[in-house]
Each structure stands twice: as C-alpha cells, then as structure tokens.
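As written in Swiss-Prot, here are the features:
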type: REGION; residues: 1-21; note: region 'Disordered'
type: SITE; residues: R92; note: site 'Transition state stabilizer'
type: ACT_SITE; residues: H96; note: active site, proton acceptor
type: BINDING; residues: H258; note: heme b binding site
Amino acid sequence: MDAKVEDNIAGKCPMGHGRGPANRDWWPQSLRLEGLNQHAPRSNPMGEAFDYAEAFKSLDLDAVVSDLHALMTDSQEWWPADFGHYGGLFIRLAWHAAGTYRITDGRGGAGGGQQRFAPLNSWPDNTNLDKARRLLWPIKQKYGAKLSWADLYVLVGNVALESMGFKTFGFAGGRADQWEPEELYWGPESTWLDDKRYSGERELDSPLGAVQMGLIYVNPEGPNGNPDPLASARDIRETFARMAMNDEETVALIAGGHTFGKAHGAGDASLVGVEPEGGAIEAQGFGWASKHGTGKGPDAITGGPEVIWTQTPTRWSNHFFDNLFKYEWELTQSPAGAKQWQAKNAPADIPDAFDPNKTHVPRMLTSDLALRFDPAYEKISRRFYENPDQFADAFARAWFKLTHRDMGPIGRYLGPLVPKEELIWQDPIPAVDHPLADDKDIAALKAKILATGLSASDLVSTAWASASTYRQSDKRGGANGARIRLAPQKDWAVNNPPVLAKVLAALEGVQKDFNASAGGGKKISLADLIVLGGAAAIEKAAKDAGTSVTVPFAPGRMDASAEQTDAHSFEALEPRSDGFRNYRGPGKHYMAPEEALVDRAQLLGLSGPELTVLVGGLRVLGANADGSKDGVFTNRPGALSNDFFVNLLSMETTWSPTAANAFAGHDRKSSEPRWTATRVDLIFGSHAELRAFAEVYACADSQEKFVCDFVTAWNKVMNADRLDLAA
C-alpha cells in the first residue's frame, strides 16, 4: 500500500487512534471506570463457552514436561543458551511473571499471563524475556488451548529447576489467560526506574511492591544504585513482605534463584535498543536489539551487572552460600558500568557461559551481600549454609508459594502434580462433612434470624462485611470460612466491632439451636447463617418498600478455624476505605474516596451498574460503617427503596462542602438542611456515567428493577468466593 494512502487512512480513522486528545487528556482528574470493564467476554477470542479448566484436564502434562526438558538444552542461534542450558533464563521468566504479585491488593502475579502485554513485556527488569517467550512459542503452539501462557510460564520455571537437579514442591495448573493488559497502578512515575513512590524515611507508597518503576522488587546494585548491602536489605525486606514473603522465604528465594544462571552486562547499555512496545512494526514485538558485538551470547546485555554466582550454574548446589561466606568482597564495576562485587583473593573457578577455556572469580550483587550483612538474613543464610537440606526444602516451598500465591483456594489447583499438603497461606477451609439445610430449613432459619430482633442494618452490614473482603485478583477473602468472627477481621474498625459481636452472638445462638435439633445430621455453618441473615433482612426491607423478592441462597459454606488462618496475612485485606459502607479510615490514602470505591468494586468483580445499585441499596438500608446518616437519602431507612437516587438527583437540593469529605444538602428555596453526604455519595450525581446509571434507578417505574438488580448484585458478592457453585 502506498505510504500516502496509509497516512490518509490513518488520519481519517473514526476512532481517532493517535489523533487528538482523549477525554482523560482534557479532564485528567475525572473518575475513570474503565477498570470495571476489564476482561469482558468480547475481548476473549476463545469465546464464552470455552472452559480452560476442562481443557487443561485433557492435557498430556507428561508430554509437555518432556518437551520442556528437551527445550532446555536446544540452544538456538538467534539467542544462544548460557552454558548450553536455558534453565536460568526460564527461572527468571517464571519468577518475573509471578513476582509482580502484591499482597496489599492481591493484584499482579502469574495468573492471566500478563507478561505478554505492556507494560510488563517492556519493563527494564524484564529485558530479553521476550526471547524466553519466543523460545516457548513452539510448545504453546503445539498444545494450543489446553495450555495457557500463564500456566506455561510457571511450568517452565519448575521444569528448569528439575532439569538442573532440584526437586520442586509441586505444580498446579488452572491459570486462564487474559487477553488485554491489566489496568493497574504501578506507580506515579512517568520515566523508567524513577522512584517518586517514597515519602518520609523511605516509606514505600501502598499498594506498590517494587522500589522503582519497571522493577520487580529491588535494584540489584542497591537503593538507587548505592552499593550498600544493609540499605539493600531494608528494601528487600519491605518489597518481599509486600509479596507475602517472610525473611526465611526471602533468603531462600534469592539464594535459590541465584544458584543458577548469570546476569548479563557484557558492554555499554546505551547500545541496547528499544523495548518491544517501542519497536518498529517489522521487529514483530522483538525488543532490546543490541549493537554490542553480536548482541547475544557472550555479548548479551540484559541489565547491567555481569555476574555468575556459582561454580555449577546449571546444577543445584550450595555454592551460593559457600561463596557468600568464604570470601570477603570488594566493589567493582561490570563492563556495562554497573556496581557489583568481586571475591578477594579467590581462584578463578567460575565457568564462562560460552568459552570453555575461560574462567572467572566469584561475583555477587549488592542485594546478594545483604543476605550476609543484615543480621537477621545472616542468621538464616548461615543456617541454610550449614544445613543444605533445610535450604532445599525452604526454597522448594517458597518457589511454590511465589508461583501459586495468586491462584486462590486449593480447589482451583489442577493436575497430577498438585501437592497434598495443606498450606496456611492457601487460606484453607474445611470440606463440607454433613448434610446441608434444605429449602424448608432455610425458610425456618430466616424466620428465626428475624425473630432475634436484629435490625436490617445490622444483618446486612454483617453479611456485607463478611463477603466483601473477596478479591478477584488473588481469590482471597469472602464469606466462606466465616473468618469475620476471627482475628483480625472481628476487630477492624470498618466492621464496627461492638455491633458485629452482637450480631455474631445472636447468629451463633440460632446455629446452636438448629444443629442440636435438625434431623438427619443436618448442620448450618455460621458462614452460611451470616449470608442468610443478610438475605432475610433484604427480603423484609424490600417488602417494607412494597416489593416482594426472594434472595437466592445456596448453603455449603464452612467455618475455618483460627489454626487455619494466618492472621497477619489477613491484615492486608482490611479496607482502608470502603465506599459501599461510607467508610474512610485514618492515615494516608493514595486514592480519593470515589477512586477507592471503584477500586474496591473492581476487586469484587462488579460492573458500573452493579456498583451503583449496591451503593444506593446499602445507603437506604443503613449500612454505613459508623451508623452515620451520610448518604441516607430517605425518610424511611430500612426499606429497600430507590430513594437514594430519587433524592440525590432532585433539583430541590443544593450542596456545599463542610469538610474535605463532607457535604451538606439544603433545600434550594428555604435553605433548610435536608441531607449530609460524602464524596462517594455525590459522585453518583456528579460523574456523567455514574449519573446515567443513577437516573435509571431514579425513574418512577424503577422500584422493582432497582430491587431485582440490587438482589442480583448482592448475590454476586455473597457468592464471589463459591468455587463449588461455579463448578
């Protein structure tokens, strides 16, 4: 096609790609709802009927593993394998695919195969992993829909370890691919490797998990390139903790990963070309072309350091710790100018990656030396050094956790390599071991719950508090397990502990009576009763508003024990802001209240209309965390009416701010006070899209639709964690 014709066509593209400012450019502070529409079925080329879990079950996993073993030593001319073995490259691929996980919001991780897309496919820390993905393409192509990229990235890391003599803990399939980039907040910076994410005494902003834009964890040269092992240890401890790793797991992962392979800094990094997303169309997504020598093999430049850690970089060993403790270290520079450390007075017994006649002295990164010079890390490292079996077990377990942390409950794990051991970080819940309540029982239980005298507000608030901890990101939280009765959830301010304790005590009484009297061994869990209490309250509230509705309910939840609950890990699920309950916790917030509302809705898997109808319903039901009247735009609280929308959109009210997140509504004519509100309430009248949804529910003929839509959205949240219902 003629270039002028191409230019003309592009200039007239009706979607305006690359032409003119978008709405977000004109109004950058406008609330964005795009995150609620991510991963819609229409973006999935497999179609809505495709079930990846079922497809994976038909996969010949042994054949895949065999093919991956063969790939490890099938060195390609276009990207030769270090030491004749791709193991180190594929360990890095798997690590970096999984290592974006952050416990603060459960986002990131290996699930979805996001490393195929920007920005991850072009992060500086992922330099040359495009080569690893291209090496895997023939295997992905061979097994097609039965093997997702997401599963393949993790599996190849396991096979790499096994092929080099390490016994892994196990592997679970079941990660379905996503088909568009995740809209995530990776940091405030607009340039790679910048670090505007800190405040105070190097306090890393939430929910971020890396020290600089475009890194997975830490700068291997030290904080901002400062080669200080103790300062590096501080960064390591913070970033690994945000990935849900303790000190022992951290030491095991760093030392285990750096037992293999090498870092590549063979020459001037300025000779490396652009990343995949910035490349020309003819490059076909192949990035970082280097003009240093051949640009590959011994001339490869990936980061900056040029380090080979051990004497056997393609075999599992204890050489990492042996070298770490045996030698003293002096600061040097790589050929690329990166700061690194070299062993003093050490023999040149490290093999070269490509020249069998060449050897090197041991080298380490600043982040490696942190494992020796930080007192807590040193103690663990020395124990691993003296007890190789403990090191191997710790690395196997930490690697499994790293690569499976975002998969959710063990019921999602697929395949013959799933380990049988129950791990506390999987948030285990007992299996159902009794007959479930039937429809007649459920009707009787609803009546008994309402007879306790608990208000609709109390019952709805408790059910919401229990279920709304769910995060579709890492599949943690939710009503199943009834962990709301355990620490730390029972003490969260957002859950109004005194009211929560009252509700739980009443429901436990109902549970005790039913379990003692029900025939046939039937039982009801507290987890089920909490959800059923919300359903009973909603049905009564709808009836009080003149609408008859039945809230769906499916028993089958169980109650987890304190021993099955890692209380420290669950602290990450505490809402610092929950617009559904008009809650704004103390301390620093990185999002405005309305942004936090949309963020929580995205974690719950809600659409814009679902978000809207839930807020409107929860307000009139009086579900505010502190019992305040903010946003309760009704003269009949407790009735499930569409009054929130009717009164919010009424031109009879004018609004004025009284504080940063507080507003007063007055009668337009008389100036008499009418309502109070927060930003989360008023956004449904201010934001054009949310107002459009609100208008639907404010219409004179919308009461029944409002109730039905509220119940549907409510049921979605209550069952968000019910893997058994989705099966």
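Every residue gets a Cβ built from N, Cα and C, even glycine.
Structural mapping of features recorded in Swiss-Prot.
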{"residue": "R92", "record": "site 'Transition state stabilizer'", "contacts (Cβ under 8 Å, 6+ apart)": "L129, A132, G257, G261"}
{"residue": "H96", "record": "active site, proton acceptor", "contacts (Cβ under 8 Å, 6+ apart)": "Q115, D125, N126, L129, I216"}
{"residue": "H258", "record": "heme b binding site", "contacts (Cβ under 8 Å, 6+ apart)": "W309, T310, F320, L365, D368"}
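DSSP classifies H258 (heme b binding site) as coil under the three-state reduction. In the three-state DSSP scheme, R92 (site 'Transition state stabilizer') falls into the helix class.
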